[in-house]
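Below is one structure; the comments refer to it alone.
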Amino acid sequence: MVKTEICGKGSSQGSEEERLSQLPDHLICVILSHLSTKDAVRTSILSTRWRNLWQLVPVLDFDSRELRSFSEFVSFAGSFFYLHKDSYIQKLRVCIYDLAGNYYLTSWIDLVTRHRIQHIDISVFTCSGFGVIPLSLYTCDTLVHLKLSRVTMVNVEFVSLPCLKILDLDFVNFTNETTLDKIISCSPVLEELTIVKSSEDNVKIIQVRSQTLKRVEIHRRFDRHNGLVIDTPLLQFLSIKAHSIKSIEFINLGFTTKVDIDVNLLDPNDLSNRSMTRDFFTTISRVRSLVIRHGTIKDIFHYMELEPLQQFCYLSELSAVCSISNLEMLLNLLKSCPKLESLSLKLVDYEKNKKEEVMSSTVPPPCLVSSLKFVKLESQLLGCGTELKVARYFLENSTILEKLTLKIDYMYKDEANVNHIRQTLHAVPRCSSTCEVVIHSLLY
């Protein structure tokens, strides 16, 4: 939503207004559609040319905070729904900060679902409960993009969303597990799914089964009773952020899928959980592009203490967030990536009470000798020098490295410190004679 102010006209503002006024009505309506409805109405005072253009905008955007009282908000929004009761509405966005709005929300959604609505974005922020989505939304045959935040989706017998391509659920409460299953399975052209949720609902096992989904993001607080099933053969991108999850099952996950994993398994060393852990690592070992974080790296290390880690034979691109106390764990992972070509490594200090590890493996991982071409290091540390040690390790041990990039996010007092880092790295003996070293830093 864009905030705008109508000010007095100066000469430059007048000329800009004249240029805008020369545009055809449909282009002006496109511009107005990027404003809130309240701000779009305010443009009517610009000139007689603009007086009624806001009425042609097929986008309704309401926020109850923009009015002095909730009753004033209901009156303001209601007048627009009455104005559009017989016309096309392309997009509806409603943000409500009063639970009393649930009654009006139902009637508004019922109205727009009868008028070829394509985009719906509903958010209800109250401390006493969630707004309830009416039944009409579950059978809207023109809806393309649905975004819901802090609402309740009830159990329904019939769901039909034939045009829905993007589904974004942010802290949505489901009355039972079948509701989410029905919505996904009854959206035959669904391509993108995002679920952000706490563990406090009635969905214990999230099942994502779709023949059309290309992008899935699950960011959820799981507990020891929760699980996840992914069955999406056409998936191109998968992001899972979950803590203390009981089980994860992948079905038909293609090796071309880019996977972003931030998962803490309950206990990879638990015998009852080891089979699931093995299957989990076996599946992600087949992908070509992988993003992992500190917790997952630790799980991999603990798993490797019990049995050998599967080889990531297809992996060519790896991005990792790694604590400086777990650098040896990272090296052990790299030993299972024989064809890795690109490594992006972000150094953090999550475990401040633990000693920093030095990458001192006498035998470098095979990928450093045969395949690794690009290394990007990013540091948010306060000048402890770890990034220099890591950079030195890759420069001294990577046979065919083409480029090493060091990005430093912390503040340096002067250019001299950056020059010192640059000179230090350029003085490091390089195993690859063609390797280029690039340093990016922010000076304040």
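Using the three backbone atoms N, Cα and C, a Cβ is placed for every residue, glycine included.
For reference, Swiss-Prot has these:
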type	residues	note
DOMAIN	17-63	domain 'F-box'
REPEAT	103-123	repeat 'LRR 1'
REPEAT	124-150	repeat 'LRR 2'
REPEAT	151-171	repeat 'LRR 3'
REPEAT	172-197	repeat 'LRR 4'
REPEAT	199-224	repeat 'LRR 5'
REPEAT	226-252	repeat 'LRR 6'
REPEAT	273-299	repeat 'LRR 7'
REPEAT	300-321	repeat 'LRR 8'
REPEAT	322-347	repeat 'LRR 9'
DOMAIN	356-408	domain 'FBD'
REPEAT	369-396	repeat 'LRR 10'
REPEAT	398-423	repeat 'LRR 11'
Query raised in the report: What same-chain residues lie close to the repeat 'LRR 3' (151-171): Cβ under 8 Å, and 6 or more beyond its ends?
Result: 118, 122-124, 130-133, 135, 138-145, 178-180, 182-184, 186-198
Query - Selection from 103-123, 124-150, 172-197, 273-299, the stretch that has most Cβ pairs under 8 A to the repeat 'LRR 9' (322-347) - result: 273-299
Query - Selection from 172-197, 273-299, 300-321, the stretch that has most Cβ pairs under 8 A to the repeat 'LRR 2' (124-150) - result: 172-197
Report task. For the domain 'F-box' (17-63), would you mind checking the mean pLDDT of the predicted model? Result -> 72
